[in-house]
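So the structure is just underneath, and the comments pick up after that.
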Amino acid sequence: MSDRLTLLRPDDWHIHLRDGTSLARTVPDAARAFGRAIVMPNLVPPVRNVVEAVDYRQRILAARPATSRFEPLMTLYLTDRTSPEEIRAAKAHGVVHAAKLYPAGATTNSDAGVTSIDNIFPVLETMAEVGLPLLVHGEVTHSEIDVFDREKRFIDDNLTRIVERLPTLKVVFEHITTHDAVQFVEASGSNVGATITAHHLLYNRNHMLVGGIRPHFYCLPILKRHTHQEALLAAATSGNPKFFLGTDSAPHARHAKEAACGCAGCYTAYAAIELYAEAFEQRNALDRLEAFASHHGADFYGLPRNTEYITLIRKEWTAPASLTFGEHSLVPLRAGEKLRWRLLEENT
Ligand SMILES: NC(=O)N[C@@H](CC(=O)O)C(=O)O
Ligand SMILES: [Zn+2]
Ligand SMILES: [Zn+2]
């Protein structure tokens, strides 16, 4: 088996870059391998309109390494008050590539999210009409629903209804974690796709909970049982163009993760493509990585594929124990452990 892997430059279709001093960490890390990234809007306050998206994009561009051509693709955060006019304005402007549905209370910085999807059907209709994709954090939030069942319940209670009522709306079911989500996406039309993270391909809930509770594996949707991990691996390596790369790299400072009530999110951007390569290699599917990482997402969004290439080499290295993150430190996924692949950085 070859020790070099050359791929068309991949894109990340789901990333959290945060803001302020965090950008000095997150933007160069994303730009080392990815040509573009769909930038999540869950800032405090969230990115709710085109003016805020344009300003945020400028702050990201200012944090790019000097020679980088990394392109942030901006998104809007849907609230109960988002208007169809805002959607039209965003589409007309051009920097906004999608709008994100966070059920209120489902995840980090989702308090301003949507309290009931019935409140946003007029907005979703406008999105379908103008061709702006809907990105979904697909979990219900009712306290009586078990945290491991929240994705499945979201499909049954909400996503099925959205897709039936708006058959032309492009929908990305973000960071899917279950066999149920894989089946839903496979059974839907070509307007429905899904992102899959590296950590949900590499890990299951045993990694988080056996032998001690490991806060750096805690993310939302939460890691599921091994059979779900297997379903995600099968989907990602299947060659089906509905499934594409989205890291959901979501940094939280060390003190916010290693706490009595730790934040949800795993930081993978520093070695994301390497982690995906490892997952694909486990399935003997390295030949399928390029399509998943570099073709399917661009095709789904109707954007041109990248034209440059990157090279990964099989070379063991040790992930840093911690990274600088503004005035704080950040413990990345795999901290202090071995990684099997490494990006040849001269390509970035
Ligand atoms: N995935 C996570 O666990 N956290 C994300 C939010 C999200 O994508 O749900 C974050 O912004 O920290
Ligand atoms: Zn999410
Ligand atoms: Zn996310």
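Backbone N, Cα and C define each Cβ position, glycine as well.
Curation does not apply to TrEMBL; its annotations are automatic.
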Check TrEMBL for me: it has His14, His16, Asp248 binding Zn(2+) 1, so pick out which one of Lys100, Lys170, Lys338 it puts in that same site.
Lys100
Candidates His175, His179, the one TrEMBL lists with Lys100, His137 as binding Zn(2+) 2:
His175
Per TrEMBL, what member of Leu73, Leu166, Leu220, Leu223 joins His16, Leu17, Arg18, Asn42, His137, His252, Ala264 in binding substrate at one site?
Leu220
With a radius of 8 angstroms around the mean position of the C-beta atoms of His14, His16, Lys100, Asp248, what other residues of the same chain does the Zn(2+) 1 site pick up?
Ile15, Ile38, Met40, Asn42, Leu135, His137, Glu174, His175, Thr195, Gly246, Ala250
Name the residues of the same chain, 6+ apart in sequence, whose Cβ is under 8 Å from the Cβ of Leu17 (substrate binding site)?
Leu23, Thr26, Val27, Ala30, Ala37, Val39, Met40, Ile60, Pro72
Using C-alpha atoms only, work out the spacing between His175 (Zn(2+) 2 binding site) and Lys100 (Zn(2+) 1 binding site) and round it to an integer in Å.
13
Using Cα coordinates, what distance in whole Å links Asp248 (Zn(2+) 1 binding site) and Arg18 (substrate binding site)?
12
Ligand 3: which of the binding-site residues Leu17, Arg18, His137, Leu220, Asp248, Ala264 have a Cβ closer than 6 angstroms to it?
Asp248
Using a Cβ cut-off under 8 Å and a sequence separation of 6 or more, which residues in the same chain sit near Ala264 (substrate binding site)?
Thr107, Thr108, Tyr218, Cys219, Leu220, Ile222, Ala250, His252
Do any of His14, His16, Lys100 (binding-site residues) have a CA within 10 A of His137 (substrate binding site), and if so which?
Lys100
